[in-house]
Amino acid sequence: MAKNICVLGAGSFGTALGCVLARNGNSVCLLTRSDDIPASIAETHRNPRYFPDFVLPDNLTSSADPEVAFKDADYILHAIPVQHSADYLRSVISYIKPTIPIVSCSKGLHDATLKYMSDLIPEVLGDKQPPLAFFSGPSFARELLEAQPSAVVVASTSEKLAEEVQILFSSKTLRVYTTTDVVGVEVGGALKNIFAIGAGMVDGMGFGKNSMAALITRGCSEMRKLALAMGAQPETISGLAGIGDLMLTCYGKLSRNRTVGYRLGKGESLEEIMESMSEVAEGVYTTPAAVRLAEKYELDLPIIKAVAAVLAGSIKPLQAVAELMDRPLTKED
């Protein structure tokens with residue numbers, strides 16, 4: 001049975017997921033604060049800011065009016081950058097009903113509070129506590145739009161809700177798995193952005209496959225350490241939300257976080273890189289937050305620290321590599 005779905009955010013990922021759901025026969029409305037996007041989608045079935053070359057399904061609409069977007073919604077998709085999520089949710093809280101599930105598609109760690117979306121959403125919504133699910137895994141927006149075969153995972157403490165969302169998204173080109181390990185899915189989705197920045201630096205400095213393999217493998221080890229310390233299951237980090245998303249983001253040239261790292265490796269400043277980007281690279285904010293989280297759990301995560309130091313301007317990428325390679329020799333963990 002077709003559902004009505006409100007997507008919070010009409011950026012690249014919100015647009016792509018809205019398209020996936022519309023192709024499955026659902027009625028989708030992208031909520032945006034930009035008047036040009038609803039007008040363009042209504043007239044040309046194109047998002048003028050993201051993928052203007054792609055024709056969207058007729059049953060995907062957009063509105064700048066929350067009352068229109070939330071009307072009769074069976075599900076709410078959250079596709080707002082993590083750093084802006086709290087303020088955004090507060091601005092639309094009067095339209096959110098405690099009975100309507102929210103599916104968070106935002107990956108990151110809130111810099112100011114060290115909270116993942118699974119903590120941030122309940123905190124902001126207060127007395128309103130809708131059922132929550134979390135969509136993650138290796139999924140570039142453009143490839144979802146192009147219906148390229150992909151696999152993702154949906155996490156929820158409610159197996160019933162996870163299965164509902166699984167059915168909602170699944171198609172002949174998108175295979176959806178479920179898990180109850182919300183922590184593992186959130187940690188994997190957030191930390192992979194840090195290592196993508198590191199991978200971009202490796203490429204930008206001109207290093208080869210050995211260096212990249214070392215960065216990704218040891219990055220996965222650091223991801224696993226923090227995830228397990230927070231109560232995640234090891235198999236989640238070995239799965240789509242962990243290694244899967246890590247591999248895609250580190251190797252895929254469509255990754256915004258990898259692009260940031262690549263340009264840093266080429267010698268550009270973070271300030272000029274950020275000024276030139278139209279969308280948020282979550283890893284820039286997640287990295288310093290992850291350093292503080294590692295300190296909280298008394299974990300030594302040297303790659304995360306090194307990426308943070310480069311982002312802060314404390315050291316250059318080449319110096320970060322030298323310091324990582326000069327660390328005391330240890331057993332592999």
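Counting starts with 1 at the first residue shown.
Cβ coordinates are placed from backbone N, Cα and C, and glycine is handled just like the others.
Among the features that TrEMBL reports, active site, proton acceptor is placed at LYS192. If you look up TrEMBL, you'll see GLY9, ALA10, GLY11, SER12, PHE13, GLY14, ALA141, ARG256 marked as NAD(+) binding site. Residues or ranges marked as substrate binding site in TrEMBL: LYS107, ARG256, ASN257. Here TrEMBL flags 4-161 as domain 'Glycerol-3-phosphate dehydrogenase NAD-dependent N-terminal'. According to TrEMBL, the feature domain 'Glycerol-3-phosphate dehydrogenase NAD-dependent C-terminal' maps to 181-321.
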Notebook entry, point to check: Across the domain 'Glycerol-3-phosphate dehydrogenase NAD-dependent N-terminal' (4-161), what is the average pLDDT of the model, as a whole number?
Noted result: 96
Notebook entry, point to check: Cα of GLY14 (NAD(+) binding site) to Cα of the residue listed as 'active site, proton acceptor': how many Å, rounded?
Noted result: 20
Margin query: What whole-number Å value do you get for the CA-CA distance of PHE13 (NAD(+) binding site) and LYS107 (substrate binding site)?
Written below: 11
Margin query: Counting other Cβ atoms within 10 Å of each residue's Cβ, which of the binding-site residues GLY9, GLY11, GLY14 comes out lowest?
Written below: GLY11
Next item on the list: Go through SER12, ASN257, our binding-site residues, and report the one whose Cβ sees the most other Cβ atoms within 10 Å.
Entry: ASN257
Next item on the list: Helix, strand, coil: count each for the residues of the domain 'Glycerol-3-phosphate dehydrogenase NAD-dependent C-terminal' (181-321), based on DSSP.
Entry: 105 helix, 0 strand, 36 coil
Notebook entry, point to check: Could you state the CA-to-CA distance between ALA141 (NAD(+) binding site) and LYS107 (substrate binding site) to the nearest Å?
Noted result: 13
Margin query: I need the nearest neighbour of GLY9 (NAD(+) binding site) among the recorded positions LYS107, LYS192, ASN257, using C-alpha distances.
Written below: LYS107
